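Annotation comment: TrEMBL describes 12-32, 53-74, 102-127, 139-158 as transmembrane segment. Annotation comment: TrEMBL describes 258-373 as domain 'FAD-binding FR-type'.
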Amino acid sequence: LGLCVSRASASVLNLNCCLVLLPVCRVLLAFLRGSQKVARRKTRRLLDKSKTFHVTCGVTICIFSVLHVAAHLVNALNFSENYNEDFLSLNAANYRGEVSQLYLMSALVPGLTGVIMVLVLFLMCTASTYAIRVSNYDIFWYTHNLFFVFYMLLMLHVSGGVLKYQTNLEEHPPGCFNPNKTLRENVMVPKAFEESFPDYTTEPFPEDLPVPEPFVQNNFMRICSEEPKFQSHFPETWFWISGPLCLYCVERLYRYIRSNKPVTITSVISHPSNVLEVRMIKDDFKARPGQYVILHCPRVSALESHPFTLTMCPTDTKATFGVHLKVVGDWTERFRDLLLLHSNQDTEILPIFQQRRYPKLYVDGPFGSPFEESLNYEVSLCVAGGIGVTPFASVLNTLLDGWKCYKLRRLYFIWVCRDVESFRWFADLLCALHSKLWQENRPDYINIQLYLSQTDGIQKIIGEKYQALNSRLLIGRPRWKLLFDEIAKCNRRKTIGVFCCGPNKISKILHKLSNSSNSYGTRFEYNKESFS
């Protein structure tokens with residue numbers, strides 16, 4: 001049973017160690033998401049679950065690793081208790097009763113690598129928990145990169161050859177009788193054989209003495225023509241992980257070459273609520289609205305990098321692209337201090353002659369996200385919470401440049417934030433888009449609803465600058481059920497894309513409502529931002 005469980009769990013581990021690498025091949029996912037021939041909308045929506053699939057494979061690896069270790073502990077006990085001198089090549093133990101040093105001594109490579117892999121997997125698993133990722137992302141980042149050590153150990157682990165199979169089954173079938181070998185000391189002689197040969201001793205069996213007819217006819221035992229021969233199993237793990245591992249390594253090399261040249265930072269803007277905007281230029285950089293990039297600043301961290309959604313994409317007329325980032329951790333704080341000459345500067349673009357002081361910044365990407373599909377629906381509902389508004393900034397910037405070339409004909413934009421300071425840095429774009437649509441006689445193209453939970457200073461700010469958004473500013477939280485019913489009523493028998501980037505509580509509510517039926521024949525398709 002121990003051998004069966006260990007082999008079965010090893011097969012499950014091979015499969016999941018193969019699949020767990022595919023969701024982190026970002027270039028492959030971006031290609032599949034952007035190719036019209038390779039992936040249709042339903043297939044692209046499956047790609048949105050890449051992070052969930054990666055986590056599921058990781059959890060499966062942890063569970064079956066525990067099962068695999070437990071099965072091998074049972075195997076260690078069985079090898080020790082069933083030590084047999086007649087089959088020395090099969091014995092993993094060196095002597096009867098050897099347990100504690102069985103896999104670390106007599107099976108040094110598989111035992112030692114197995115112990116180290118368990119430790120590495122334990123570190124990766126515990127550091128991937130939500131509490132650690134939120135409190136200290138650096139721990140999660142560095143421990144997760146131990147996966148390369150895990151795979152190297154895995155390749156060595158399967159090369160030990162502890163488990164073996166018999167190669168000469170025809171010449172020596174299991175349970176056969178060898179007349180040239182003494183058996184009385186180790187196996188029980190059949191009763192029919194003792195009755196026919198009462199004078200039998202432990203001396204070698206005479207070759208010219210015939211085997212008793214009853215013994216052969218009743219199939220008590222077959223005759224062996226040679227000694228059993230055993231050979232180690234060929235490691236199947238290589239077949240499972242070599243392809244995905246090579247694919248991942250090639251992609252990492254491609255990404256390194258593509259992002260090896262630093263970008264040119266054109267401006268840095270410090271917005272209220274600890275939001276920093278960085279605008280950049282890079283040769284031959286192309287991106288679609290809704291995609292994200294990975295920023296790497298060696299002066300902040302030699303190994304650490306972070307994903308940020310593009311809030312401004314390059315177009316045919318301008319090469320500038322940009323990101324907005326929330327200053328909430330050590331990395332973003334150090335990055336802000338390097339970009340701003342004085343950390344107390346506020347909402348001022350740094351002069352041109354000061355740009356040489358910017359640190360080197362490398363951009364990897366762009367990579368795909370669900371929000372690329374927001375322009376491919378006839379009707380889209382975009383819901384943002386706090387800084388989660390950034391994915392929709394690039395979409396609105398694209399509509400500001402021109403909306404007629406896209407399938408989208410109506411956009412519901414809902415933004416929920418705590419205070420008016422969070423609202424200010426994004427209001428200029430909303431006002432510009434609102435003014436453009438009014439001039440083109442399409443005021444119904446976008447439906448804007450802004451929800452604020454704090455009211456201090458609202459009248460002052462709205463009255464001074466953002467009159468166009470005054471009627472769209474609401475106090476409190478959205479009534480999601482009524483909102484979905486109203487949208488469904490106005491868009492009967494249509495398919496509406498629902499896009500959310502915000503707290504999990506809002507996401508769960510929208511997901512549940514999207515899966516609910518309505519009396520208007522309207523179908524809601526839910527999409528959620530998930531960095532892979």
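Glycine too: its Cβ is placed from the backbone N, Cα and C atoms.
Caution: TrEMBL annotation is automatic and unverified by curators.
Note that the structure is predicted; figures quoted are calculated from it, not measured.
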Which residues of the chain, 6 or more past the ends of the transmembrane segment (53-74), have a CB below 8 A from one of its CBs?
1-3, 5-6, 9-10, 12-13, 16-17, 19-20, 23-24, 103, 114, 117-118, 121, 124-125, 128, 532
If one takes Cβ-Cβ under 8 Å and requires six or more residues beyond its ends, the residues near the transmembrane segment (12-32) are 38-39, 43-44, 47, 50-51, 53-54, 57-58, 60-61, 64-65, 68, 151, 154, 236-237, 240-241, 243-245, 247-248, 251, 254-255, 291, 365-368, 532
With DSSP as the reference, give the number of residues of the domain 'FAD-binding FR-type' (258-373) in helix, strand and coil.
21 helix, 39 strand, 56 coil
